[in-house]
Amino acid sequence: MGGEELSEFEKQRLANIAERDALLKKLTQDAQSVGLFPPKMPKGASPAGDKAKKKKPAPKKVKKEEAAAAAPVPRRMSSRLRGIAAESEVAKRKADEHDAALQEAERAKRMRKSDSFSLSEMLVSGQKLSGESLLGVDVVTKGVAMPYQRTFSDEDIKKTTDKDLKALREEMSGLGLWDAWEPNRIKLTPERIYAMTFHPSESKPLIFAGDKMGHLGVLDASQTKPVSAATHDEDEEDDDDDPDPVLTTLKPHTRTISCMTIHPSKPTHLYTASYDSSIREMDLEKTTSVERYAPASTADDVPISGLDMALDDPHCLYWTTLDGEFGRYDMRTPRQDSATRWTLSDKKIGGFSLYPTHPHYFATASLDRTMRLWDLRKLSHKSPVAVGEHESRLSVSHAAFNGAGQVATSSYDDSLKIYDFGAKGIASWKPGHSLSDAQMKPDVVVRHNCQTGRWVTILRPQWQQNPQSHIQRFCIGNMNRFVDIYSGSGDQLAQLGGDGITAVPAVAVFHRSKNWVAGGTASGKICLWM
């Protein structure tokens, strides 16, 4: 760059540097002349005035401990460079392995078991069963439960003008809570009750309840409190003399028992359906349980939401799933040959039932907000078409048929709807018959709080299949901690309650023919009115 001519910028920069150096040199000379600081001394020279050298201080003695501490230490090196895994990584790996093991254990616990079970293999707690012992109106405020506040009372009965209706109201309202034990002491299942049924026997009330984790509870309500306990009821300090009722808890399923039924012609067999994708048959005489239907692979997850059987056929099972399927299976033939399935909805079917006297008709309730009526005689697998459908404002929880051809539904739009297909001539319809939207409108709509929330089982109507009078009636749980009973025309017949009911008896069921009503709660406890 020596031969190159400097630019104007470079010339100016060099001039500034030279000017700054000259200024600094002048300032230094001026400061020395007035004695602000002495001039620099040659290396090794002492100031002129310091003739005597200063005495050096004696070297400080260093203790052995300090010397050891001052010794050179090994150079720090990271665990990564030394080939050692970091503690956080080891802990994370152990935590991941632990979580994976827990998930696998939970998956295995929830996977259905296809084996046949004996009583000892199913028994969780309580008394061992034997075949001999086994057989022998309106909620005004939407979404707000008002515990113990009645919406139907004796005043409503007194105001009734219809003689038959008044007599039935008096009869149903006269049902009393089973007083041998308070409801909060009758814990039939460990977890929340999802399904219940009575044994069809009229000799004694025998109740079955299924819970969230696949437990099956059994209660014989013909038992009486021991005399020793009855005489000590008033002695609060002597709890040992007041035993709980005799209950039995079994575990035939690994997941929620969603539905159960006993065919009247086979009273010794209880059928249970579960979210573990299986339907099992429990022989009440032999106290054994066998799998009657399930998908081919245990890895297939097809939760079953409903189960029913035709009155004239004790060999055929009908069910619905949370995937929107409807199935039929004849237990006398191999499952792979006779199990038939239809996809009836894109969303889950929460409940269904067959028309008892004409079981080729059935009604479904779906999350897609519809209640649909179907005819098995004209049900295509490729594109099934319903006889008719009615759409509610919100999802429909259940659709229950009675022997008179009426369907009762419960819906999240806070209503109970009754569709009277019997009055429309359903018994004489030919295959292919269809109903218009106008014909599918409900005949009766009753306001009812159905906002169960997360912890209460969904409210579902359940008819008495063989009522003792010509008036049809069904029961359903009430969020105010009652069980309501309605007639087929929508008239409220009773509101059953009592002392000691501390939770909503959400799962309510009628005995087939006797005026016995049971209600199950989220804590696994039951109430019984007789």
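Quick reminder: no glycine exception, Cβ is built from N, Cα and C everywhere.
Lifted from Swiss-Prot, the feature list:
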COMPBIAS  52-62  compositional bias 'Basic residues'
COMPBIAS  89-108  compositional bias 'Basic and acidic residues'
COMPBIAS  233-244  compositional bias 'Acidic residues'
REGION    34-115  region 'Disordered'
REGION    224-250  region 'Disordered'
REPEAT    188-229  repeat 'WD 1'
REPEAT    252-292  repeat 'WD 2'
REPEAT    302-339  repeat 'WD 3'
REPEAT    344-384  repeat 'WD 4'
REPEAT    389-430  repeat 'WD 5'
REPEAT    453-496  repeat 'WD 6'
REPEAT    499-530  repeat 'WD 7'
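Only sequence-distant pairs (6 or more apart) were considered; of these, at least three Cβ pairs between the repeat 'WD 2' (252-292) and the repeat 'WD 1' (188-229) are under 8 A, so the stretches are in contact. Per DSSP, the repeat 'WD 4' (344-384) is made up of 3 helix, 18 strand, 20 coil. Long-range neighbours of the repeat 'WD 5' (389-430) within the same chain, counting only residues 6 or more positions beyond its ends whose Cβ lies under 8 Å from a Cβ of the stretch, are 139, 142-143, 350-358, 361-373, 375, 437, 439-451, 458-463, 465-466, 472, 474, 476, 486, 488-490.
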